[in-house]
Amino acid sequence: MGWGDMEPPNGSAAGRSDTCFGVFNTSDSRDNAQNSIASPWFSTAFGLIGLCSNLFALCVLLSSSRKLSSRARSSFLVFLCGLVVTDFMGLLVTASVIIPYHFIKFTWAKVDPGCHLCNFLGFSMVFFGQCPLLLGATMAGERFFGINHPFSRSTSISKRRAWSIVGLVWGFSCLLGLLPVLGLGRYTLQYPGSWCFLTLLPDTGNVVFCLLFALLGIFSVLLSFIFNTVSVVTLCRVYHDRESVQRRRDSEVEMMVQLVGIMIIATICWMPLLIFIIQTVLQQLPASGQIQILPMETQKMLLIYIRMVTWNQILDPWVYILFRRAVLQRVYPSLRPRPSILSLYPVLNPSLGRKLTAD
C-alpha cells in the first residue's frame, strides 16, 4: 500500500497537519479490530494481568523493606519500588482510556476535538515508557559504583536520597513527554484508533522528537548492559577470592540477578520498537513534506511493537517476585549463606567489624 492510498479520517479536520487525527485510515481498522490483537479482550487481559502483577510485587516490596537493616539493599528496594509504581501507574492510566474505547468505539474527533485527551495519552505513553528504561540504567549505575568502588563512599545511598533520584528520573521523563505539547513534534492517534503516540512522519519536529525518544531509550539500555556486565564480572572475581568473601555477600548477587533480569526483559521488549522508530523516520526523510499518512503496514507493525513493550510492564514485577533468595533457596536448597569476614578473621578490630557489618 502506497503513502497516498489513504483518505484522511474524521472529515476535514483530519487533514490538517496541526491536529492529532489523520495519520492512519480508520476505514480498514474497524473492520479488522475484532480479529486482531487490538480486540477488547486482548487489551483487557493485558491490563488486568499487568496491574495484578505490579500490585502483588509492590506488596512484597513493602513487606521486605520493613525487615531490612542493610542500607544498600534498602536503597535498591526504593529503586525497585519506583519501577513497580511506574509500571503500575502506566498500565492504569493507559488502560483507563484504551479499554473503554474498545468497548464503546467512540469517535475521537467528536469526543476530543481539541486533542487534549490524545495529548495526555501520548504523554503517558512516553513518560511511562521512558521511566523504566532510565530507572533501570540508574539502578545499574548505583550497583556498579557500589560493587566496583565500595570504599569511595562511607555509607550507601539513604532512602531519602534514593527517592530523590527516582523523583529526578520522573521529572526528566515528564519534561521529555511535554516536548510535543511545547511545540517539538506532536502526538497523533494511532491504529486502530484507540491510543496516541509520537508521530512517525518526516517533518523536522517529529523526526527530532522521535530520534530523541528512541536514542535516549537505546542509550539507557546500553548503559545498563555495560554497568551490569562489569558488575557481574567483578562479583564473579570476588566470589573466587576467599579473602574478599564478605565484600560482596549473597544480597549483592541477589540484586545483580534481579538487575540482569530487568535488563534482559527491557532489551527484548523495547529494542525492536526503538530501532523501528529510528528506521521509519530516517527512511522517510527524502520524502519530507509529502507524506501525510502512515501506510497500513507501518501502523500494524507499530502496534505489534507496542504490544511487546507492554510485556515489559507485566514481566518486570515477576523478576523481583521470583528471583529473591527466599524463592531461590526453595528451588535450590544447596544455596547457603556465605561466611562473613568476621567469622573468618575473629581478631579483627571491633570498630572495623562494625563498619563492615553496617556496610
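Every residue gets a Cβ built from N, Cα and C, even glycine.
Annotations in TrEMBL come from automatic prediction, not curation.
Record features (TrEMBL):
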- 53-320: domain 'G-protein coupled receptors family 1 profile' (DOMAIN)
- 41-64: transmembrane segment (TRANSMEM)
- 76-101: transmembrane segment (TRANSMEM)
- 121-141: transmembrane segment (TRANSMEM)
- 162-185: transmembrane segment (TRANSMEM)
- 205-238: transmembrane segment (TRANSMEM)
- 259-282: transmembrane segment (TRANSMEM)
- 302-323: transmembrane segment (TRANSMEM)
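Counting same-chain residues at least six beyond the ends of the transmembrane segment (121-141), those with a Cβ under 8 angstroms from any Cβ of the stretch are 20, 76, 79-80, 82-83, 86-87, 89-90, 93-94, 97-98, 165-166, 169-170, 172-174, 176-178, 180-181, 187-188, 195-198, 213, 216-217, 220-221, 223-224, 227-228, 231, 259, 262-263, 266, 270, 309, 312-313, 316.
Sequence-remote contacts of a segment are chain residues at least 6 beyond its ends whose Cβ falls under 8 Å from one of its Cβ atoms, and for the transmembrane segment (162-185) they are 74-75, 78-79, 82, 86, 119, 122-124, 126-127, 130-131, 134-135, 138, 142, 198-199, 205-206, 208-210, 212-213, 216. Regional average pLDDT for the domain 'G-protein coupled receptors family 1 profile' (53-320) in the model is 85. Counting only same-chain residues 6+ beyond the ends of the transmembrane segment (259-282), those with a CB under 8 A from a CB of the stretch are 83, 129, 132-133, 136, 139-140, 143, 198, 200-202, 206-207, 210-211, 213-215, 217-218, 221, 224-225, 228, 231-232, 298, 301-302, 305-306, 308-309, 311-312, 315-316, 319, 323. Listed stretches 76-101, 205-238, 302-323 were compared with the transmembrane segment (41-64); the greatest number of C-beta pairs under 8 angstroms is found for 76-101. Away from its own ends, the transmembrane segment (302-323) comes close to residues 37-38, 46, 49-50, 53-54, 56-58, 60-61, 80, 83-84, 87, 90-91, 128-129, 132, 190-192, 195, 197, 200, 254, 257-258, 261-262, 265-266, 268-270, 272-273, 276, 294 of its chain (Cβ-Cβ under 8 Å, at least six residues beyond either end).
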